[in-house]
Amino acid sequence: MSNMQFSRGFNPFVILFCLAVVAPIISADVAILRTDYYQKTCPDFHKIVREAVTTKQVQQPTTAAGTLRLFFHDCFLEGCDASVLIATNSFNKAERDDDLNDSLPGDAFDIVTRIKTALELSCPGVVSCADILAQATRDLVTMVGGPYFDVKLGRKDGFESKAHKVRGNVPMANQTVPDIHGIFKKNGFSLREMVALSGAHTIGFSHCKEFSDRLYGSRADKEINPRFAAALKDLCKNHTVDDTIAAFNDVMTPGKFDNMYFKNLKRGLGLLASDHILIKDNSTKPFVDLYATNETAFFEDFARAMEKLGTVGVKGDKDGEVRRRCDHFNNLNV
């Protein structure tokens, strides 16, 4: 006789039946991501993305940084569901039109549109905009010298994009380390992962309005490298009448993904206040020191954090769709 004993009224077969019924319900809304998701349904997916990003990056070298930033802003609000791509219409102000997102580069939106157009000709109605943004980001990061990381696919595009939800979910340039980490933490990221992802500022640029308060008046930051501060003051002197004026986040190697961002922080060359505080705060300084001296450690941590970022809040079939156009929901009344 078996040694297994069951209490009175306990029927294991009923439990097994319940699990069999409930399991599909539990998993139905969860996207199952895998790297070969489009192998059969859109076999040219990787080729089409790679060719499009190569052409665009050659034409406009800031595309990589812009797309990386767009991906981050997408994933940190409502998850990686392409909600940041939705255009505002007469009955909804979308995420991309919130003040915190108004400087998201047009080239980043453009590359997603280019890829979507090509994919719709090759395999219509198959590839989500969320997957396009994720894959394009990885390919562009590696193109400019950054680390390779796996991109698992199978995300669906979300049904919601609300501008009023942006604030409090995307870090701001003047926030403290605890404030910024609070945003990262609720998305499952540690302090070390936060610093690693901040290293994305090794490429790209920021507009003067995002750091001008560090340059002028009684609140001017005395810890900025004096020569750097003087150059920024000259660059931004007309920023109130021309809000397109911008400076490179990494003044030394702005187009190369490397660990120079962290080296710059130690020299007083951090552009944003939120950059500079990483070297000032005792909780984040050890990671800045590590990455400044060990690019391999930075690349490894960044790659792992990016793989993790790509899984934040992904949508399954019930909670998402494959949009026909990345800037509109399929149901325009949503």
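Note that Cβ sites are derived from N, Cα and C of the backbone, with glycine treated the same way.
What Swiss-Prot annotates here:
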type     : residues                       : note
ACT_SITE : His73                          : active site, proton acceptor
BINDING  : Asp74, Gly79, Asp81, Ser83     : Ca(2+) 1 binding site
BINDING  : Pro171                         : substrate binding site
BINDING  : His201                         : heme b binding site
BINDING  : Thr202, Asp250, Thr253, Asp258 : Ca(2+) 2 binding site
DISULFID : Cys42-Cys123                   : disulfide bond
DISULFID : Cys75-Cys80                    : disulfide bond
DISULFID : Cys129-Cys326                  : disulfide bond
DISULFID : Cys208-Cys236                  : disulfide bond
SIGNAL   : 1-28                           : signal peptide
SITE     : Arg69                          : site 'Transition state stabilizer'
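Overlay of Swiss-Prot annotations on the structure.
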| residue | record | Cβ contacts under 8 Å, 6 or more apart |
| --- | --- | --- |
| Cys42 | disulfide bond | Leu119, Ser122, Cys123, Val126, Val127 |
| Arg69 | site 'Transition state stabilizer' | Leu104, Pro105, Ala108, Ala200, Gly204 |
| His73 | active site, proton acceptor | Val84, Glu95, Asn101, Leu104, Val170 |
| Asp74 | Ca(2+) 1 binding site | Cys80, Asp81, Ala82, Ser83, Val84, Leu85, Ala130, Leu133 |
| Thr202 | Ca(2+) 2 binding site | Asn249, Asp250, Thr253, Lys256, Phe257, Asp258, Asn259, Met260, Tyr261 |
| Cys326 | disulfide bond | Ala82, Leu85, Val112, Thr113, Lys116, Cys129, Ile132, Asp157 |
**Fill in**
Gly79 (Ca(2+) 1 binding site) has its Cβ surrounded, within 10 angstroms, by a count of other Cβ atoms equal to 21
**Prompt:** Using the Cβ centroid of Thr202, Asp250, Thr253, Asp258 as the reference point for the Ca(2+) 2 site, which residues of the same chain not in that list have Cβ within 8 Å?
**Reply:** Ile203, Met252, Pro254, Lys256, Phe257, Asn259, Met260, Tyr261, Asn264
**Request:** Have a look at the recorded positions Pro171, His201, Cys208, Cys236 and say which one has the shortest Cα distance to Gly79 (Ca(2+) 1 binding site).
**Result:** Pro171
**Prompt:** For the disulfide-bonded residues Cys123, Cys129, Cys208, Cys236, which one has its C-beta crowded by the most other C-beta atoms within 10 angstroms?
**Reply:** Cys129
**Prompt:** Quick one: which residues besides Asp74, Gly79, Asp81, Ser83 have a Cβ within 8 Å of the Ca(2+) 1 site's Cβ centroid, in sequence order?
**Reply:** Cys75, Leu77, Glu78, Cys80, Ala82, Val84, Ala130, Asp157, Gly158, Gly313, Lys315
**Complete:** Rounded to a whole number of Å, the separation of the Cα atoms of Pro171 (substrate binding site) and Cys236 (disulfide bond) comes to 23
**Asked** Taking each of the binding-site residues Ser83, Thr253 in turn and counting other Cβ atoms within 10 Å of its Cβ, which one has the fewest?
**Response** Thr253
**Prompt:** Near the residue listed as 'heme b binding site', which residues of its own chain have a C-beta under 8 A away, given they sit six or more steps off in sequence?
**Reply:** Asn249, Asp250, Tyr261, Leu271, Leu272, Asp275
**Prompt:** Under a criterion of Cβ-Cβ distance under 8 Å and sequence separation of at least 6, what residues of the same chain contact Cys75 (disulfide bond)?
**Reply:** Asn187, Leu309, Gly310, Val312, Gly313
